[in-house]
Amino acid sequence: MRVLAAMSGGVDSAVAAARAVEAGHDVVGVHLALSRMPGTLRTGSRGCCTIEDSRDAWRACDVLGIPYYVWDFSERFKEDVVQDFIDEYAAGRTPNPCMRCNERIKFAALLEKAIALGFDAVCTGHYAKVIEDADGNRELHRAADWAKDQSYVLGVLTHEQLKHSMFPLADTPSKAEVRAEAERRGLSVANKPDSHDICFISDGDTRGWLAEKIDMTTGDIVDETGAKVGEHPGANAFTVGQRRGLKLGTPAADGKPRFVLEIRPKENKVVVGPEALLAIDEIRGIKVSWAGLPISEVATGAEFDCHAQVRAHGDPVPAIARVEAVTDESGVERAQLVVTLTDPLRGVAPGQTVVLYQGSRVLGQATIDAARSLQRQVL
C-alpha cells in the first residue's frame, strides 16, 4: 500500500513510520506546519509542531530512507482549532483542542489530501487499534498499553476515516519498548520527552492568552444560592471544577474550599460551591458521531450498557446510554446522546467530550452540552 506517515517529530510517529516501512509499504513522510510563526509554539519537553519538531521529523525520515515533505496547514489549523478554542471559551465551554485537531486536521484535511494524491492510508503514532470484522467493517479499540491509550481523542473518527487509518503501535506493550526500538533503529528522537499541554499557547498561561483574544469583563462570583461572594476578571477564563484563581471575599460558612460549578457567560457570572456539588450522574451530548458503524440500539433508540470517559486519561465509568431526537431553538431536529452514569463523576464541563466504550471498543462520542446531578438537580 501507499502510506502517508504523519511525522510529528516525536518518537511514536517515527517508530510507527519505521514499522510501516518494515511491513513493505511504500511510505512517504509528511510534517504538518500548523503555524507560520512556529517560534510562538511550545518547544522542548512541552511542545509540538515547532521548527525543532520539523527537523526531528526530517532526520527520522532520512534514517528510514523515505521522502519527506512539509505541508502548510496553518490557515486551516488557525480556523478549525485555534479559533474554535477561542469561540468555545467565549461561550463558557471547555474545549479539547487536541481532539479537534484530530477531527479536523489530522484525520480530515490530511487524510483528504492524502487520498486525493493516491495514498491508501495515513499512518500515525497514536496508541489505538483498528480491528476489521468478517464483513470488512472497521472498529476502533483501545491499544494494548492502556496507560498510553489514545483511543479517547480518536473517538471522533468515522467509519470511512478508520478504513484509511493505520496505527502500528496498537499492540506495543509499553512506551519504554517504543523508545528502545527507536534506539535500535538509530532514531535521534529515541529519548525525546513527550509533548504536553496546548501547543499554540507558548507559555502555558491559558487564562492570559485568552485575555488577549476575548473581551474580558469583570463580574460577580455567586454561590449556589445566588448570593455574591466575590468578583472575577472575566468569566470566560474559568472552567468547571476549577479552584485556583478564585478571589472570594466571602468565605464558605463551613470554611471549606469552593469550586467553579457553572459558567454563565450571558450574565457574566461564575457560580461556585462545595466540591460535593461537582458530582454529576447525567450527561447530555450533541454533535454525536460513531467510530465505525453504530450498534443496533442507536437506530432504535433503545438503552445500551457501556462505559463513559470524559477525559483523555480519565477512568471510564459504567453507564447506560441512549440516543433521542430533539428539536433545537431553530426548529431543526438533531440527535442527542443521553448518558446516565452508575458512578458519579466530578468536574464535568460543557464543551468537553464524552466517549463511550464497550469493552475495548470505542462506540462513539458527543460534545457535552449539559451535565447535572439527577439527585440534586443543581446544574
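Every residue, even glycine, has its Cβ placed from backbone N, Cα and C.
With a 10 A radius on its CB, SER8 (ATP binding site) counts 23 other CB atoms from all the protein chains. What Swiss-Prot records for ALA6, MET7, SER8, GLY9, GLY10, VAL11, ASP12, SER13, LEU32, GLY125 is ATP binding site.
As annotated by Swiss-Prot, disulfide bond applies to CYS101-CYS199, with the evidence given as sequence analysis.
Listed in sequence order, PHE77, VAL81 are the same-chain residues six or more apart from CYS101 (disulfide bond) with CB atoms under 8 A from its CB. Taken from Swiss-Prot, the feature active site, nucleophile covers CYS101.
Residues annotated as site 'Interaction with tRNA' in Swiss-Prot, with sequence analysis given as evidence: HIS126 (among others). All protein chains considered, the CB of HIS126 (site 'Interaction with tRNA') has 26 other CB atoms within 10 Å. HIS126 (site 'Interaction with tRNA') falls outside any helix or strand according to DSSP and counts as coil.
Taken from Swiss-Prot, the feature active site, cysteine persulfide intermediate applies to CYS199, supported by sequence analysis. Neighbour density for CYS199 (disulfide bond): within 10 A of its CB lie 26 other CB atoms from the protein chains shown.
All protein chains included, GLN352 (site 'Interaction with tRNA') registers 22 other Cβ atoms within 10 Å of its own Cβ. Under the DSSP three-state reduction, GLN352 (site 'Interaction with tRNA') is assigned to coil, being neither helix nor strand. Positions annotated as site 'Interaction with tRNA' by Swiss-Prot, on the basis of sequence analysis: GLN352 (among others).
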Which of the three DSSP states, helix, strand or coil, fits LEU32 (ATP binding site)? strand
What whole-number distance in angstrom separates the two most remote CA atoms of the ATP-binding residues ALA6, MET7, SER8, GLY9, GLY10, VAL11, ASP12, SER13, LEU32, GLY125? 16
Restricting to the same chain and to sequence separations of six or more, state which residues have a Cβ under 8 Å from that of ALA6 (ATP binding site). SER13, VAL30, HIS31, LEU32, LYS106, LEU110, VAL122, CYS123, THR124, GLY125
At the level of the C-alpha atoms, what whole-angstrom distance separates SER8 (ATP binding site) and HIS126 (site 'Interaction with tRNA')? 11
Tertiary neighbours of ASP12 (ATP binding site) (same chain, Cβ under 8 Å, six or more apart): GLY125, HIS126, TYR127, LEU169, LYS175, VAL178
